[in-house]
Structure formats: C-alpha cells, structure tokens
Amino acid sequence: MEAIKGSDVNVPDAVFAWLLDGRGGVKPLEDNDVIDSQHPCWLHLNYTHPDSARWLASTPLLPNNVRDALAGESSRPRVSRMGEGTLITLRCINGSTDERPDQLVAMRLYMDERFIVSTRQRKVLALDDVVSDLQEGTGPVDCGGWLVDVCDALTDHASEFIEELHDKIIDLEDNLLDQQIPPRGFLALLRKQLIVMRRYMAPQRDVYARLASERLPWMSDDHRRRMQDIADRLGRGLDEIDACIARTGIMADEIAQVMQESLARRTYTMSLMAMVFLPSTFLTGLFGVNLGGIPGGGWRFGFSLFCILLVVLIGGVTLWLHRSKWL
C-alpha cells in the first residue's frame with residue numbers, strides 16, 4: 001500500500017492525531033510525516049465538530065460507504081471488511097451503576113495497516129488506558145496491537161461494570177433475607193442496565209470472535225489469539241449477565257411476596273381489632289339510641305358499671321381469640 005502524507009490527515013479540530021513510532025510510543029502528527037505500516041497514524045475525531053465532519057465527507061482516504069458510518073449512522077457493534085480496510089463499531093461503558101442505562105458510548109473506527117480513524121461524540125473513557133500506555137512508551141507498536149489493546153480496555157471496563165452490578169444484586173439479596181425492601185425503581189433500574197448490557201455486549205462478543213478468526217493482513221497470530229481470549233472473557237461476562245437477570249426476576253417475585261405478606265398481616269391485624277371492638281361498639285350504639293332514655297342514666301354508678309362491662313366484654317373476646325389461636 002502507498003504511504004500517506006501527514007498533511008492528508010491534518011484535521012484542525014481533531015481530538016488528537018498521533019503517529020505511532022513502532023516502539024510503543026507516539027508523537028504528534030506533522031504535515032511532513034510519512035504514514036506507512038511501520039509508522040501508522042491514529043486520528044481520533046469528534047464527528048460533531050465542523051472540520052472533522054468536512055474531512056470525513058471529503059477525504060479520498062475513506063471509502064464512500066464508510067463515511068456515513070463514521071459520522072454516527074452506525075450504533076450496534078459490528079465489523080465489516082471494506083477492501084483493504086475494516087470498519088468496526090464498538091460500545092464502551094461510561095458512568096457508574098447509579099446512572100440510567102444510557103452510558104454505553106459508541107465508538108466507530110476504520111483502519112488498515114497504515115492508519116486508524118476513530119470517531120465518537122461523547123468521550124470514550126476506556127481509551128484513556130490506551131492513550132496512557134502510548135504516552136508512557138508501553139503501548140501498541142502497530143495497528144493490530146492497537147486494536148487488541150482497545151478491545152481489551154473496553155472489555156475491562158465492561159467486566160468492572162458487570163461486577164459492580166453483581167455486587168449490588170448480592171447486597172439486595174442479603175437485604176431481602178432481612179425483609180428489607182429496596183427503594184421503588186431500584187430493581188427496575190438494575191434490571192434495565194443488565195438488559196441493555198446484554199443487548200450490546202452480545203454482538204460485541206461476536207465482533208471480537210470474528211476479528212480473531214478473520215485473516216486480516218495487519219493482525220498477527222498472537223493478535224488473533226489475544227482477541228479470542230478477549231472474546232471468551234466477554235462471553236463469561238455475558239453468562240454472568242444472564243445469571244444476574246434471572247436472579248433479578250426471582251428477587252422481583254420475592255419482593256412481591258414480602259409486600260403481599262406484609263399487607264396480609266396488616267389486614268389481619270385490622271380484622272382482629274374490629275372483632276375485639278365490635279361488641280363494645282354494638283353496646284355503645286344501643287345505649288346511645290336514647291329513645292326511651294339512657295338505661296341507668298339516673299344512677300350515679302351507671303356509667304362506671306357500663307365501662308366495667310365494656311372492659312370485661314373486650315377481655316372476653318380477646319381471650320376467646322387467643323384460645324382459638326387467632327392471636
């Protein structure tokens with residue numbers, strides 16, 4: 001493949017444009033640099049920036065059917081070979097487990113053995129690990145190593161997020177054993193996050209597996225082996241997600257049962273109170289009719305005797321309920 005001039009990929013508002021030095025480090029790309037397989041270029045763009053959008057729409061370095069995909073038209077993880085290059089769409093985790101499940105950020109990239117063009121709108125936090133390694137001189141030396149390191153960083157972030165969700169489920173299960181109900185919406189958010197993760201990480205695992213099996217010229221056998229390991233690791237994470245989704249379903253049933261039992265206890269208590277006070281209510285209503293005068297109204301001990309009668313009646317009903325094992 002022909003070499004590319006640095007001026008051909010000069011985008012003023014690029015997030016960064018670096019030239020890999022072939023020894024694990026990078027340097028800022030300059031117009032007189034020569035880009036080839038020994039010194040590939042990494043151009044990282046925000047496709048919403050005007051200069052980046054114009055470059056994506058006009059550069060001859062990109063196939064026509066790649067431009068729309070890099071400009072944000074593609075969202076689900078996938079991989080497509082485009083002649084000598086490859087178009088890859090990946091998803092990564094941004095944010096924490098307390099946020100709504102919209103923290104999956106899309107990253108789109110087109111690459112061959114000479115240069116890498118990656119685009120995003122929101123910042124991709126997983127790339128910070130790769131950027132840090134390159135700045136320290138311990139990063140990838142070629143395009144194949146770069147792709148493996150990026151996929152490894154994305155999977156690390158996904159695995160950490162899945163582990164955090166798993167810990168929350170364990171805490172929730174422990175609380176349910178103590179009859180503690182989680183706040184409203186907590187379990188629904190947790191389940192939604194798991195479902196969204198499952199939706200995007202399953203095709204991403206397939207992307208990794210395909211990259212491991214494709215005979216891409218810029219990926220060595222070691223790169224393919226590492227990529228297969230990454231796919232297997234993400235597959236284990238998906239198995240964990242499936243188990244967590246099943247456990248949230250069981251917890252939802254358990255929460256419903258706990259709430260139903262609590263409501264039944266309250267209803268039972270109110271029914272017993274009604275049974276205890278029903279006879280006394282009947283007597284007070286009967287004596288309060290006052291059609292022929294209140295019985296005992298002219299006797300000074302009448303009210304006291306009536307109160308004693310009510311206490312004895314309530315005690316008798318309570319004793320009967322206790323002997324009947326209703327209390």
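For all residues, glycine too, the Cβ spot is worked out from N, Cα and C.
Small disclaimer: the values here were computed from a predicted structure and weren't measured.
According to Swiss-Prot, the Zn(2+) 1 binding site annotation covers Cys92, His157, on the basis of experimental evidence. In the three-state DSSP assignment, the secondary structure recorded for Cys92 (Zn(2+) 1 binding site) is strand.
For His166, Cys244, the entry in Swiss-Prot reads Zn(2+) 2 binding site. Using a 10 Å radius centred on the Cβ of Cys244 (Zn(2+) 2 binding site) and all shown protein chains, the other Cβ atoms total 22.
Following the DSSP three-state reduction, the secondary structure of Cys307 (Zn(2+) 3 binding site) is helix. The feature Zn(2+) 3 binding site is assigned by Swiss-Prot to Cys307.
Residues or ranges marked as topological domain 'Cytoplasmic' in Swiss-Prot (evidence: experimental evidence): 1-273 (among others).
Marked as topological domain 'Periplasmic' by Swiss-Prot: 295-300.
Counted with DSSP, the topological domain 'Cytoplasmic' (322-327) comes out as 2 helix, 0 strand, 4 coil. The topological domain 'Cytoplasmic' annotation in Swiss-Prot covers 322-327 (among others).
Per Swiss-Prot, the feature transmembrane segment maps to 274-294 (among others).
Summarising the annotation, Swiss-Prot assigns transmembrane segment to 301-321 (among others).
When Cα-Cα distances from His166 (Zn(2+) 2 binding site) are compared across the binding-site residues Cys92, His157, Cys307, the shortest belongs to His157. Around Cys307 (Zn(2+) 3 binding site), there are no C-beta neighbours below 8 angstroms that are at least 6 residues distant in the chain. Per-residue pLDDT, averaged over the topological domain 'Periplasmic' (295-300), rounds to 69. Cys244 (Zn(2+) 2 binding site) is 18 Å away from His157 (Zn(2+) 1 binding site) when you measure Cα to Cα.
Taking only the Cα positions, the spacing between Cys92 (Zn(2+) 1 binding site) and Cys244 (Zn(2+) 2 binding site) is 20 angstrom. Remote same-chain residues near the topological domain 'Cytoplasmic' (322-327) are listed as 272 (criterion: CB distance under 8 Å, separation of at least six residues from the stretch ends).
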